[in-house]
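The annotation ATP binding site is assigned in Swiss-Prot to GLY169, ASP170, ARG171, GLN172, THR173, GLY174, LYS175, THR176. What Swiss-Prot records for SER373 is site 'Required for activity', and it gives sequence analysis as the kind of evidence.
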Amino acid sequence: MQLNSTEISELIKKRIAQFDVVSEAQSTGTIVSVSDGIIRIHGLADVMQGEMIELPGNRYAIALNLERDSVGAVVMGPYADLAEGMSVKCTGRILEVPVGRGLLGRVVNTLGQPIDGKGEIDNDGFSPVEVIAPGVIDRQSVDQPVQTGYKAVDSMVPIGRGQRELIIGDRQTGKTALAIDAIIAQKDSGIKCIYVAIGQKASTIANVVRKLEEHGALANTIVVVASASESAALQYLAPYSGCAMGEYFRDRGEDALIVYDDLSKQAVAYRQISLLLRRPPGREAFPGDVFYLHSRLLERAARVSADYVERFTNGAVKGQTGSLTALPIIETQAGDVSAFVPTNVISITDGQIFLESSLFNSGIRPAVNPGISVSRVGSAAQTKAIKKLSGGIRTALAQYRELAAFAQFASDLDDATRKQLSHGQKVTELLKQKQFAPMPVSEQALVLFAAEFGYLDDVELERIGSFESALLAYANSNHTDFMKNLAKSGDYNDSIKDQLKTIVEDFKKNGAW
């Protein structure tokens, strides 16, 4: 078969018409320096603040400093093999992490990748780590409780759903123990939990995960890990990743609780990054935006309205509010709450639980200092029973502290003072609680009732603990239905008061303690 020149030219023209080249514009740059996990890049003209930059070897960096001639970026992961002259490119994406129910019961790193050896995670999608917090109109007041299971906290420093309650204290005062117990207490409450471990030893984190599993709370919890061996960038971003995972539940009309353990280490990691990026240092060498670092994170914890949830789910969920409750932890040095980061976080949060090393060392655990611990919005969320019965607890402890200081110098005290001192000592003893033993509302109400109405006055101080244990065992075995109903409702009326009175009086008559 022979083709003439006309046919050949027509064929070529047809092929040219069919030929389609898809052009794709990419912003590329060159690494000009690498040091301590920070790279400087030349040539990225269109990069955004916080954008992911693709590096050789399927790694990413995040652009943090946008300067006139270069971009300062922090590498997410190992950087030892990066060198000057390597080519990098913009992705046009902000850092996102996987979210969804498939993360519950799993241990993940800052990027949401599983590190527990249980296989891949079945996530429901991805969410940006940096999200603008809900506005004032989208929020609702805090009026539902989060029961921590601790008598001292639920009675004097109550926490509500959507609240930010700071746990602050020196090292080794039980901050993590309090937060872990709060998570364990939620295993039957329907509240999903996220535990973010920042800058901690891997052995400590493994112990926490084991304890959660032992007490049946891990199935309801996501553990986000940025251990001490991780880069400063991953430690800085871990709380935002955990928050994005918690917002998934909040925005779908569910309740979630997130623990940041601890934000002091996150601030130190951010300081390290900022100094390496040559940003100007301020007080205690922290950068000027360290307040914003924590405020933009903690403002994302909120109780959102049913309208917000309905809008977010496109009408799939109606008439349901959602909440994300935050328990940030801050470590102080020698009880100095006036340092830079502690004062910042105190001013951002809705109250603080101050744990004191002197109380901890004297055997009062949880070592809550009731004088300077406060909950600014939680009292509206307290259950009726606890609210009614805990009114005199704080007063009794305040009077006891005042009189105890005075009694050190006075030799002979009148009967009224002696009675107040004795009552204060017994209440202090009653508020002691073992770790991993959260108490339901019904048990707390019964114990507080006994303290409030003078049923402890004739019990020796040394026997308060055994009295409490025996009373609870008696009530749970002989008045099971009443205790279960009270734990569910948390109500308080004359009928419940009479029933509590009957239980305590019958128990004391038996003298089984």
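One is the number of the first residue shown, and numbering goes on along the chain from there.
The backbone N, Cα and C atoms fix where each Cβ goes, glycine too.
On the structure: features taken from Swiss-Prot.
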| residue | record | contacts (Cβ under 8 Å, 6+ apart) |
| --- | --- | --- |
| GLY169 | ATP binding site | LYS175, GLU331, THR332, GLY335, PHE354, LEU355, GLU356, SER357, ALA367 |
| ASP170 | ATP binding site | GLU331, THR332, GLN333, ALA334, GLY335, LEU355, GLU356, SER357 |
| ARG171 | ATP binding site | GLU331 |
| GLN172 | ATP binding site | SER357, PHE360 |
| THR173 | ATP binding site | LEU355, GLU356, SER357, PHE360, ALA367 |
| GLY174 | ATP binding site | LEU355, PHE360, ARG365, PRO366, ALA367, GLN435 |
| THR176 | ATP binding site | VAL208, ASP261, ILE329 |
| SER373 | site 'Required for activity' | MET156, VAL157, GLY351, GLN352, ILE353, PHE354 |
Beyond the site residues GLY169, ASP170, ARG171, GLN172, THR173, GLY174, LYS175, THR176: chain residues whose C-beta lies within 8 Å of the centroid, for ATP = GLU331, LEU355, SER357, PHE360, ALA367
Query = What kind of secondary structure is GLN172 (ATP binding site) part of, going by DSSP in three states?
reply = coil
